[in-house]
Every structure is written in C-alpha cells, then in structure tokens.
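To start, the structure under review is shown below, and the notes come after it.
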C-alpha cells in the first residue's frame, strides 16, 4: 500500500460506514448506537485509482486518561501518528459540536495533512452543517454520503490534493506478481496412495482468540505484539469488533483476530452485543486455529464448554489457553485438576492441547504458539489411502462391525476425502445401519493410531457399489 489514512471523528458521524465503503466489505460493525467502534481497525482500501491502507478509529470525546473513553482517545491518537493523512469526518446533517472543534484543534497541532469529510450531505438540511465545516480551519470540506457512495470521486481528488501526486502515486516496484491462495488445502488432489504431503510452514496462519468476557483475550494479543495495540481494562465487554492484527513469529506471519466476549445466549439481549457475537462467529469460521481463552481462576464454566463445542462443530482446530496463571496460588494442584477436567468434560476433543499462560506477564506464550502450530499441522494432516485401508482391516479384526437385523455390516474401503479438518469416507454395506457407537470407535482409533489429538474428525459412510448390479440391469 502506498500510504496510510486514519478516519477520525466524534461518535456516530459515519466513520465505520465510510471505512466499509472504502474497503469494499462490511468489516466494521455499524449501528445507530454511538461508540460502536473502540479499537483501531486496519484495512486495505481502494478509491478509484488510489490504493492505500486505512484505519478505522473510535469516536472521540474528551475524558480522563484512565477511563475507557480516555484509553480509546489514546488509541486514536496512535492511529493519527501512524497515518500519513487523516479523514476528519463530521456530520453535515447534525452540524458541528464542541467535540468537533476539540478534534480539529488536536489535528492542527499534529501538523499532518487533513481532509474534512462532511458526511450525510445527501440529507435535507445538511447545507448548514457543510458550510459550518469551513470554520474548522482545516480547508475546504468534501461533501459525501458514505451510506450511498456519493461524493467518492471528490474524496479521491481531495486526498490526492492533500498528499500530493508523488505520495499518492509512488513509483511501482519492479516485483513479479504472484497469485497466492491464502487457503490452500494441504495435499488436496494427491493421487499417490502412499504419499503424505508435507506441512507448509511458510503460509500465513489465521488464529482467532475467543472466550468469555474479561478472560484476557486483548491483553494476550497485546503481549504477543509487544505494544498496547488493543483496548484493555477491568470493564467486561470492551472489545466489540473482531479486530485483526499481523505479527511475525519465528519467521512465520501470524494473523490474529481479537473477538468480543461470548456470553450465554440468554444473557445477550442488546442488538449491539448480538452483532458483536455474530462478528466473533465469522472470525471463528475464517480462522484456521482457534484459541479458547479460559480464566484460570474460574475455569470450565458452562459457557467455556459451549464455546469449545461451537469451535469444534465449526470444524476448526482448537487450543485451550488457561490465562491469568500469575493469579493462581497452588498451581501444581490446579494443573492436575485442569488436565483431569479437560479429558472428562471434552471427550469430543480428546488430546486437545491446553497451555497455562499469563497475558499480563508473558508466561507460557512461546508454549502456546508452539501448541497452535502443532495443532494446525494436525488439522492439515492427510493420510495415504494405503495406510488407511490397512488400518481399517486391522480395526475390523480387533472389533468386527456389529450385525444389524441378523446381517453383519462390511466395511470395504476407506479414503481421506479432505483435510482442515480431517474427513474420511468409508464404503460399506448399508451405511444407514452403522451404529453411532461404532463410528465413535473408529474416530477414537483414528485419533490414537494416526496422532490426531484435539481436532474434529469427520467419518462418513456410503454404500459400496455392487459390480454385478449393472450387469444384471443390462441383461434385463
């Protein structure tokens, strides 16, 4: 990206709507409730012939530095300092407020290029607010409607004028373009029945951080990044949007998604919280590995178990992180207790990796990252057809399929049809009659014999073809 733009403004002027318009996706939550956005959200924007990095920020109101609003202000100031240009969004329909004047003064002190964006200019009676924006002393305002996409060409011209042609259109680098699929399926399409493809350790890894409110998810990500990138504090439910951040771990790009705390469905009443939870679910589906953060001082609440079950039903690789380990006194006894409860309460994820950590002190973070990588390897694993059929034969010798209605089931052939998560197809007689207990027996055997701990395993059955049936039809 050639340059970076920060979107600045008081609450509810349409900053996130403009952000979504420029990135071409609904990445940021949008609602009539003021203060929806709290963290900095980056994205890749395109405006006519301009391509740039854009940062959505929290709506700013003056408050004490220690308050939540004060910490949000500090995050927005960091975005302004990082950016080459600020889009200062005002509400042309509602007109200017003292908060707009305060923000204008702050931007003037920064001394960086600013474009005043008079949003909602399509509304009746917005002319007064548009002309008032001249009094901010930051140049001619650009009238737009972020919701309807009006005025985007004028906004493009205003950005180029503020930055200058050279900064807006830097010379193209002489680098060959490469089309890279960010979601390759390891080993998909491999024909050799004995070949098991190697794990690709170069591709970026997408990791979602989920858990109950106030489990320490944002603190954990800040510790990974080594900076206060995300808002944290004692208040529950600070995070609303799913915010993505990128960093490098031992030469590999990690893209982490911070998500809103997930409460029990019965407690989620407000529309905004429902939107936040839906955003967290999208992050889970987009991720490859999901870290479920537990509060080690009150682990295995019912909601914790429901979140783990949700992640596994979505087919994601899962890792448990027992956070706030620095607050635990008798940690040896707790560790034994957690291991026992993990095996007993999560039978559907037998062998799942669980790591004690502290987002506050940094304890256990290297072990957590190693667990994430190892779990992702398992999630991507493919097993050759030849090995699977030798294994299937041995399983039937040890524990033959049951007889149903006086006829014994026959499992004839097995292959892995997908990875991410591992999925297998078994050809057999009467697939609809295979008992659930025998399916669990096969899944447990696959998990133990092929070292597939902590990931969902899918086993499906299909009817095996009778080679004589088609010949009989022809004779008729």
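Keep in mind that glycine also has a Cβ here, set from the backbone N, Cα and C atoms.
Annotated in Swiss-Prot:
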- 3-167: domain 'EngA-type G 1' (DOMAIN)
- 9-16, 56-60, 119-122: GTP 1 binding site (BINDING)
- 205-380: domain 'EngA-type G 2' (DOMAIN)
- 211-218, 258-262, 323-326: GTP 2 binding site (BINDING)
- 381-465: domain 'KH-like' (DOMAIN)
Spatially closest candidate among 211, 214, 259, 262, the listed binding-site residues, to residue 9 (GTP 1 binding site) (Cα to Cα): 259
Secondary structure tally of the domain 'KH-like' (381-465) (DSSP, helix then strand then coil): 31 helix, 24 strand, 30 coil
For residue 217 (GTP 2 binding site), the three-state class that DSSP assigns: helix
Minimum Cα separation from residue 12 (GTP 1 binding site), reported as the residue among binding-site residues 211, 214, 259, 262, 325 that achieves it: 259
Fewest other Cβ within 10 angstroms of its own Cβ, chosen from the binding-site residues 9, 12, 15, 121, 259: 12
Pairwise CA distance, residue 325 (GTP 2 binding site) versus residue 121 (GTP 1 binding site), rounded so that it is a whole Å: 52
Cα-nearest neighbour of residue 262 (GTP 2 binding site) within the listed binding-site residues, 15, 57, 121: 57
Proximal residue to residue 15 (GTP 1 binding site) among binding-site residues 211, 214, 217, 259 (C-alpha distance): 259
C-alpha spacing of residue 121 (GTP 1 binding site) relative to residue 259 (GTP 2 binding site), in angstrom: 33
Secondary structure at residue 15 (GTP 1 binding site), reduced by DSSP to three states: helix
For residue 214 (GTP 2 binding site), the number of other Cβ atoms found within 10 Å of its own Cβ: 18
Collapsed DSSP category at residue 57 (GTP 1 binding site): coil
Binding-site residues compared (57, 211, 217, 262, 325) - highest count of Cβ atoms within 10 Å: 217
